[in-house]
Amino acid sequence: MDSKMVGVTLKMVVLFLAFKETLANIDRLELIMPRYALKDGNVTLKCEHSVPPEQLHKVEWKKGKQKLFYYIKGRNPPYKYFDSPGAKLDQSHSNAKQIVLTELDFAASGSYTCIVSMETPIFAKETDSQELTIIEPQEHDPVISFEEKNYVIGDTLEANCTSAPARPPAHITWLINGEKVEGRLTRPFSNGRVHGHGYFERKSTSTTQISVALSKLHQGIDGTATITCMSTIPGYVGHNENYADIRNRTITVFPNVPSQPGMPCQGEDRSIYRRGARRWRKLYRVNGHIFQAKRFNRRAFCAFCHDRIWGLGRQGFKCIQCKLLVHKKCHKLVQIPCTNEHVEPIIKDDHNGEAQAHGIREEILSEMRDYPEPPPDVTSDSVPVEDPTKQTDDILEIGSQRQYSLNDFELIRVIGRGSYAKVLMVELKKTGRIYAMKVIKKALVTDDEDIDWVQTEKHVFETASNHPFLVGLHSCFQTPSRLFFVIEFVRGGDLMFHMQRQRRLPEEHARFYAAEISLALNFLHCKGIIYRDLKLDNVLLDHEGHIKLTDYGMCKEGIRPGDTTSTFCGTPNYIAPEILRGEDYGFSVDWWALGVLLYEMLAGRSPFDIAGASENPDQNTEDYLFQVILEKTIRIPRSLSVKAANVLKGFLNKNPADRLGCHSPDSFSEITSHQFFKSIDWEMLEQKQVAPPYKPRLEGDRDLANFPPEFTDEPVHLTPDDPRVIEKIDQSEFEGFEYVNPLLMSLEDCV
C-alpha cells in the first residue's frame, strides 16, 4: 500500500471517530420540563446536551411550528427572542441551556421542541419534544347527590358526582367502601369544550353517574356503606402528582331478608318500594270530599242514586276521609260537605238475601234519602275471601286447559329486582328451554290501581306475544301469595347496560335501534295501547342484536284514534310536557320518549340531565326537573349530523300537535319517510332481515355476562309464605290470571 492510500485511510478513520464522538455528544440531548404547570405561574424548560461549546452551532426552541428563541454562536447578538403565545419569555434567565416562561395562560399549552445542532467536525442536528398542559385546579371538593333514604339489599343506588370547575375538567372516580366502581356501572360526561389549538376554552365541571345494585358485599361491619367520589386533575406539584379532591358520604344498607315470614326487614321503610316509573294517583275534590277511583264488589251501592256500582274498571269513587261511596258519574252531584269522620256504609238485605250497601251517615241521609240502619258488623269493603288453607302452591286447574305451576320450572338465577317484583332465569323442565320469570307478591298489589296495572301488563304481554320487537308471554300462573309471569328470556342485556360501557353510540347504531323501537311502538298504537315507559332500561337486546321492549306495567289500553287519557305517570326524565301540563294526551307521549332516548344514545347524556349539576339543592328536585322539561330550550350537540339534529327536534317538539309522528291520519309514515331513516328498508327490518350493527358476545343460552353480578350472585329462593298475610288477600281480584300462550303450547307438544 503506497503512502497516499495510507493517508486517505487515516483521514477516514479520523472522520469516523469524530463522527462517532459527535453522535455520542448530541445523542445525549434531553428536554427537561414539567408536563403540567399552573395558570399565571412560571415554568422552566431545560435543554440538556453534551455538545462542547467549541462545537455547538445553534440551539433553537419552538412551540409547535412557531419559534420562541434561538442561540447562534458567532452572531451578534447571539440570542434572538420571539413572542410566546400564552406566556412571556423571561429574557434575563433564558440562554443556550434553558428558557423561562412566565405569566402562563392556557394558550401556552402545547408541544415544545428543543433543536441542537453542531458543525465541527461534521454537521449534525438532534431534537427532543414534550407536551405542556396549563391547568387551573378545583376550588372546592366535588358534590355528591343521591336519594337519601334507607336502602336495602337489592335496591339500586343511583348517585351523581359533580366536580368543581377546573381546566382541564376533572376525572371522576367512584369508590364504595374503598373499592373502585367498575366502569360499566358509571356514566361520565363533561361540559368542557376544546379549543382548536388543543386547550379547553373555560373552566368546566365533570359529572359521573353511577347505578349500582346494592348487595351484601356493600355492607360494612356496622351495616353502612361509604361512597366516595374522587375528582382528579393532573398537577405539577410534587413530581407530577395529581390534584385530588375527595368527598365521602355514608348510606345505611339493611339486609333484605326478614328474620321470619311477615316481619319487616331491619330498618325497612315501606315507602321506598315503588321506584323508577310511577303513577301519581288522581284525587277528585268536591265539597270537601277527596274522592279516589275504586273497584268495588257487587254489594257496593251509590249513596246518591242508590244504584249498584258496577261495570268494567273502577266505576266507583270513595272519599278517602269519610269513606262515602258514589258512582263516578254522581260524584259531582254530592251537595253534602265532607265531615272528615268515618261514614259507616249501610247494608240492607233484599228478598234474595243479597246485602245492599247505601253508605252514608244518618245526618247526611236526612238530606238525601232514608235508609234503614245497617248491621254494625258489616262494611261495604268486606268481600268474601276463599279459605287459604284450601289452596296450595300448585296452580289450580281451570277446565281441561293445560296450566303451569311452580313445580314445572327449575329456578336458576336472579337476574333483576324491582319495587314490586323479582325476575329469575328459569328452565322449563319438560323442554329444557330457558325463560325469564317475573314474580310479584300479591300483598304488594292489593290496591285497586296496582291490581289494574298487573292486569294491564298481562293483557299487553298477550298482545305482544310473537311480535319481533316485543317481549312475549309464555304463561301466567299464581299461588295464594304470588303472581308469576313466564316471559321470553332476552340474553343481550338492556341498552342502559351497553350505554354505560360505550357512553354514546355511533349514529348508525342509534338509527337501527330507534327504527326497531318505532316499529314496536307503532304496533302497540295500532292495538290501542300507549306504552308510557320507554327508557334505556326497558329496551333489551336479543342474542342477535335486535331490540325488544319489555315492562308493560305503565301501558294504557283501549285508546282509539282521537281518544286521550290523563293519568300522570312515567319515569321523570322521559315524561312529556303535555303530561306535566296536566293536559289529556294520546300516543304523542311515546314519540317524545323516543326522542329523549335517541338523544341519550347519540349524545351520551339526557337532554334534561340536571341531577348533581348544581350545589343549589332546589335545582336537584323532581319539580325542578319538570320545570326544565317544560321551559328549557333543548340544545342539540354540534357534533351530530344535520339529519340527526332534525329528527331530534321533531321528536322533542314540546307541542304535541307539531311533534314528529303525531300528525294523523298517517302519522307513522312521517317517521319512516324522515331523512334520518332514509337508509332503512322498513319491510326488511320488520322481518328481521337487516343485520344488527352490534351482536352481544354470548357463550350459550344461560350466559349472564350482560346482567349485573349484584343480582346473579344472589341466592335463588322465595321467602316462606305468611298465613296471616295470605288471609288478608282478596283472591277473587286475581281470578282469570292464568294463561298459556297457545302457540308456545303447541310447539312444546311437538318436543
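Keep in mind that glycine also has a Cβ here, set from the backbone N, Cα and C atoms.
TrEMBL labels come from automatic prediction, so no person has curated them.
Note that this is a predicted model, so its numbers are computed, not measured.
Taking Cβ-Cβ distances under 8 Å and a sequence separation of 6 or more, the neighbours of Lys442 (ATP binding site) in its chain are Gln478, Pro480, Ser481, Arg482, Leu483, Ile729, Phe734. Taken residue by residue with DSSP, Lys442 (ATP binding site) is part of a helix. Residues or ranges marked as ATP binding site by TrEMBL: Lys442.
Annotation source TrEMBL lists domain 'Ig-like' at 27-133 (among others).
Residues belonging to the domain 'Ig-like' (142-252) score a mean pLDDT of 71 in the model. Residues or ranges marked as domain 'Ig-like' in TrEMBL: 142-252 (among others).
Per TrEMBL, the feature domain 'Phorbol-ester/DAG-type' maps to 288-338.
Summarising the annotation, TrEMBL assigns domain 'Protein kinase' to 409-677.
Annotated domain 'AGC-kinase C-terminal' per TrEMBL: 678-749, in sequence order. Taking DSSP states H, G and I as helix and E and B as strand, the domain 'AGC-kinase C-terminal' (678-749) has 26 helix, 2 strand, 44 coil.
According to TrEMBL, the signal peptide annotation covers 1-24.
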By DSSP, how many residues in the domain 'Ig-like' (27-133) are helix, how many strand, and how many coil?
7 helix, 56 strand, 44 coil
